[in-house]
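As structure tokens, the structure follows; a few thoughts come after it.
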Amino acid sequence: MDPLGLLIRLVVLPIVILLFAKLNLIKLLIILTMKLLFKREQDIVVRTPDDRFIGLDKLGYTFAPHYASLPAGGGKTLPRVHYVDEGPRDAKETVLCLHGEPSWSFLYRRVVPGLVAAGYRVVVPDFIGFGKSDKYTHPESYTHDLHTMTLRLLLEHLKLSNITLMCQDWGGLTGLTVVKDCPQLFSRLVIMNTGLPSGKDFKPWNLYAITPFLTWRSFAQFVGTAMPIKFVFKMALDNPSSEVLQAYNAPFSSMSHRGGAARWPLLVPITSGSLVSGEMRHTTDFLQNKWKSPVLIMFSDDDAITGGQEKIFKAMLPHAKQVTIRGGGHFLQEAKGEELAVNVVKFIKESN
């Protein structure tokens, strides 16, 4: 192993994690004091102004917006959900593309055209808290159950079936859970730069593998709803333009709009007793023992966050086809969107 890499992962990053933990305690004390001294009301749900999204067509995000108010029972509805819906509505194949943290449907703008050109219907939702969807202001309002329920209701609302799931980051944790819940709706899986962490891998002797994520988690916990979205993408993408950075930042016009982005990193299980651990174990068991339909595992070769998870998925799904994306980074849809589309079209055709 590279000695410098070992030093960073085994010494530098753990020190950074401890520093963030101490700073977070100080932050919590300051916030508590401020709340006691300066009481103010806050909306439960906010909506990003439409003018934040002006000009995105020049970057390739040319898709018409679609919105759904999904029933939550008892006459209530969930916050309004936005989704991209391109291609023929009567297409025999539907590709469902799911984003993760802290991105939105803009991430798939280079993937969608190639899939539509092949004749597929392509649906790309923004999870509640992201993109053009409405946003809860309190991070505590966001749960794994909220996101999986929203996705199930959207699939029902759109009456989708014969779905090829294309998922990355939290889109994998969420989407694969829904595959476990509604397997009859799905025909194929395309799994990219994601995982199904149940907390069992977060052990001291596994420090080299887990410190990049724990550093990100500690940072997210410290900054909370002040998360600097532009900075996150500037660090994660290869020489992005200021226009692209602004596009990823567009949904998050204030701290009140960033509750979802603040919450998702903290929902990743880091112990086997974490809130989402059970769902991850059940989803892993389902894929390993019950899913026999086609799978494409398509990871980048340079993702520090999920690198190595492709081996776990391959062991879980030995019949899966595997493709490595060179230089894709964590957000491989941004760097290699057209290449991903070509691979998915080929995968669907070969598995028909």
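Glycine is no exception: its Cβ is also placed from the backbone N, Cα and C atoms.
Summarising the annotation, TrEMBL assigns transmembrane segment to 6-30. For 94-334, the entry in TrEMBL reads domain 'AB hydrolase-1'.
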Using a Cβ-Cβ cut-off of under 8 Å, list the residues of the same chain that are 6+ residues beyond the ends of the transmembrane segment (6-30) and lie near it.
-> 207-208, 211-212, 214-215, 218-219, 221-222, 224
Averaged across the domain 'AB hydrolase-1' (94-334), what pLDDT does the model get? Just tell me the whole number, please.
-> 95
